[in-house]
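J.: Take a look at the following structure, please.
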């Protein structure tokens, strides 16, 4: 099958994004795994986010490329390819929400934070979030799908099914109904967490600014609060980028559902660009970590120097010293 120029460009860009996503997010996981200064509950949630982004590069993008080519396969195989992307997206959103709640607790109840948010509890929350993400992403398998309209399977008088009629052109819209994507996925599972995160970060900045205005604060407390503000800004930036990358796809889905006549004329390149933008969100986070966090930046440099450039140098904790900094200092 010969690809058109537009399809070939789309595939090439997807493969580039996949490579960058895998490399960058594996680096994030390795950094947290090798640096004691980065092994905090907050960063465990970021590792969960990075794991989802690695899976986007390894699986979701190849699946998306396969779906974009519109090959013919059985309905449920195509549905699985489509739903897998939804699982990873939902996991990313839940991980970002967990980070927001974690940062709010850190600045709202700083004296109780370490006893409330432990590594064990963080890992337990991550496990629950992934189970929920799979449940939400795989909901179309329970029946909320387009099988009746996408296939022409018939049950002859003898009770057998003509499997050749059950093949479907594997395109996302052919297997997942827009009613699910808009009402359940977007309005129910994507938009509410994003709005909750917006409220949480606004409250974080309000609480932090109010605390900074207290004249009786000692220098150490003021420094800790300033670090929390810096961390919150970085994490809010990640949430904002995630929203900007994913909202175009959901906007197109809304147009498809509510304005079907107009959606029929939508150019293919517009949908391809929206999909590319959504996948590009998986590349951004490691760049933000490296730019905004000294410990991540230092550890990235040490890992690359040792394992990529083969320079023999001992990998220390994020600041080049023993990992004795507080959890607040190693936040973004």
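Including glycine, each Cβ sits where the backbone N, Cα and C put it.
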J.: For the adenosine site that Swiss-Prot assigns to 253, 278, 279, which of 173, 228 is also named?
T.: 173
J.: Are residue 70 and residue 293 on one side of the membrane in Swiss-Prot?
T.: no
J.: Choose the correct range: of 79-101, 148-170, which one does Swiss-Prot annotate as transmembrane segment? Give that range.
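T.: Checked against Swiss-Prot: transmembrane segment maps to 79-101.
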J.: Out of 44-67, 308-331, let me know the one Swiss-Prot marks transmembrane segment.
T.: 44-67
J.: Applying the under-8 angstroms CB criterion, which one of 79-101, 122-144, 267-290 scores highest with the transmembrane segment (178-202)?
T.: 79-101
J.: Sort the residues of the topological domain 'Extracellular' (259-266) into helix, strand and coil with DSSP and give the three counts.
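T.: For the topological domain 'Extracellular' (259-266), the helix, strand and coil counts are 4 helix, 0 strand, 4 coil.
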J.: Which one is it: of the recorded positions 170, 278, 279, whose Cα lies the shortest distance from the Cα of residue 310 (S-palmitoyl cysteine)?
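T.: Checking each of 170, 278, 279 against residue 310 (S-palmitoyl cysteine), the shortest Cα distance is to 279.
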J.: How many of the residues that make up the topological domain 'Cytoplasmic' (34-43) does DSSP mark as helix, as strand and as coil?
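T.: Here the numbers are 7 helix, 0 strand, 3 coil.
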